[in-house]
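Below: the structure, in structure tokens.
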Amino acid sequence: MLACKMKPLPFNLCNPKKRPAIINRSYALLHFIAATSLIFYRVSSLLHSRPSLPHLLVFASELILSLLWLLNQAYLWTPVSRKTFPERLLQEKGEELPGIDVFICTADPKKEPPLEVMNTVLSAMALDYPIGKLSVYVSDDGGSSSTLHAIREAWKFGRSWLPFCTRFGIKTRCPKAYFPRYEDDLGEKGYHEEKEKIKSTCECYVALFLTFRR
């Protein structure tokens, strides 16, 4: 007998909603008829009389609003419900998992402190996912030198932080949230010593970053 390879279970399901789709499409049809009738009336009025500036401005605004409404129907034409199964990721082998990209966007270092961005980057880099399947990108629209320096320090600290999280199975992988909690329930050998070492390393990189900002 030939072994039949089972198709892996999907990580998510997308089911269309029939009843909301019928309601949305019926409403869109009525709205489209009303909007078309109004535009036809406006065009007919403009062709049979000399239009004034206020009438032209009103007609232009109606056209713009109608266009915006029409473009927005793409999201309502076929409503769907989605369900994810993250537990199925653990059942797959590393080479069978899909590659994922994480984009972190920032613009203003005053509203989005570089240290917070640094913690976000480290959290994304430390995700429990196969190496080579995960890519993290940072987009700084403000072009801040402080943010760039913070990312460099985060990369340096990540060389210690990521192996630490993997070795001891740390669940809270954001340094800012992890160190105040101190997951002391982990009774593995060498955990406490390694934890103190990582904490000192983190404080060192933060101090270097704060010195750079001055």
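Just so you know, glycine gets a Cβ as well, placed from its N, Cα and C.
Taken verbatim from TrEMBL:
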{"type": "BINDING", "residues": "Lys111, Glu112, Asp141", "note": "UDP-alpha-D-glucose binding site"}
{"type": "TRANSMEM", "residues": "27-44", "note": "transmembrane segment"}
{"type": "TRANSMEM", "residues": "56-78", "note": "transmembrane segment"}
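The structure, with features from TrEMBL marked on it.
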residue : record                           : contacts (Cβ under 8 Å, 6+ apart)
Lys111  : UDP-alpha-D-glucose binding site : none
Glu112  : UDP-alpha-D-glucose binding site : Thr106
Asp141  : UDP-alpha-D-glucose binding site : Cys105, Thr106, Ala107
Residues near the UDP-alpha-D-glucose site, Lys111, Glu112, Asp141 excluded, by Cβ within 8 Å of the Cβ center?
Thr106, Ala107, Asp108, Pro109, Lys110, Gly142
Within the same chain, where does the transmembrane segment (56-78) have neighbours whose Cβ lies under 8 angstroms from its own Cβ atoms, ignoring anything closer than 6 residues to its ends? I mean 6 or more beyond.
16, 21, 24-25, 28, 31-32, 35, 38-39, 42, 46
